[in-house]
Amino acid sequence: MSMLCYTLIIAFLIGIWAAPKSEDNVPLGSPATSDLSDTSCAQTHEGLKTSRNTDQRHPAPKKAEDQELGSAANIIVDPKLFQKRRFQSPRVLFSTQPPPLSRDEQSVEFLDNEDTLNRNIRAKRETHPVHNLGEYSVCDSISVWVANKTKAMDIKGKPVTVMVDVNLNNHVFKQYFFETKCRNPNPVPSGCRGIDSGHWNSYCTTTQTFVRALTMEGNQASWRFIRIDTACVCVISRKTENF
């Protein structure tokens, strides 16, 4: 009886193994797999064409960094221009960010152009701190960082073009100038503060000096001396006596 059962089981297993395989288990290279592969390839090719057309109609947006470099000056400055210390001035700064506080830790203003200087002076009148009680300045001055300075006078009195943005080693630096001006030509009704108005006429005026700045000469960058405002002084003259 047991031998008969074993024989039936073996015959049943042999029948299962001999049955034809379904299309789901067709080996690679069979017609079913080829059709599926062709369909997949066609869909992939169609997807690639669609993505290419989409990219052409809607190009990828440029990075902000690339846009910033594109808007900067096209002239690339040779780094060797900055290696000589005699060309450096404490009132000229090249930076990628607005300058911080001044060296004496006084608050200074940041200007985008020279036209806003008068507006900022009227809007924000910040006096220099008094170091000791009872000490006053003859003239009141204000110091500002000036950016976007495009025109200036050179040491020969000729107008020159000042470089605003400098492309150095694929980095865009802005050229800043630390300028000092008189806040008011007459800090007191009689003129300069502390001057005997009975014998002297006085008024405050802004004086200039020369600093080395990076300027444009044709299509090349070069160092030149230019005039900028650097101090506020008192000018006095003796009053004439009427006889």
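Going from the start of the chain as shown, residues are counted 1 onward.
Glycine residues also receive a Cβ, built from the backbone N, Cα and C atoms like all the rest.
As annotated by Swiss-Prot, signal peptide applies to 1-18, with the evidence given as sequence analysis.
The annotation compositional bias 'Basic and acidic residues' is assigned in Swiss-Prot to 47-66.
According to Swiss-Prot, the feature region 'Disordered' maps to 47-69.
The annotation disulfide bond is assigned in Swiss-Prot to Cys139-Cys204 (among others) on the grounds of similarity to another entry. Cys204 (disulfide bond) is surrounded by 22 other CB atoms, counting those within 10 A of its CB over all protein chains shown.
The N-linked glycosylation site annotation in Swiss-Prot covers Asn148 and rests on sequence analysis. Every protein chain shown contributes to the tally, and the Cβ of Asn148 (N-linked glycosylation site) ends up with 16 other Cβ atoms within 10 Å.
The secondary structure of Cys182 (disulfide bond), as reduced to three states from DSSP, is extended strand. Look at Swiss-Prot and you will find Cys182-Cys232 (among others) tagged as disulfide bond, backed by similarity to another entry.
DSSP assigns Cys234 (disulfide bond) to a strand in the three-state reduction. Within the same chain, the residues at least 6 positions away from Cys234 (disulfide bond) whose Cβ sits under 8 Å from its Cβ are Val138, Cys139, Gly191, Cys192, Ile195, Ser202, Tyr203, Cys204, Thr205, listed in sequence order. Per Swiss-Prot, disulfide bond is recorded for Cys192-Cys234 (among others).
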Task: Alpha-carbon distance [Cys182 (disulfide bond); Asn148 (N-linked glycosylation site)] in Å - done: 21
TODO: For Cys204 (disulfide bond), just give me the three-state DSSP call.
DONE: strand
Open item on the list: Counting across all protein chains present, how many other Cβ atoms fall within 10 Å of the Cβ of Cys232 (disulfide bond)?
Closed with: 23
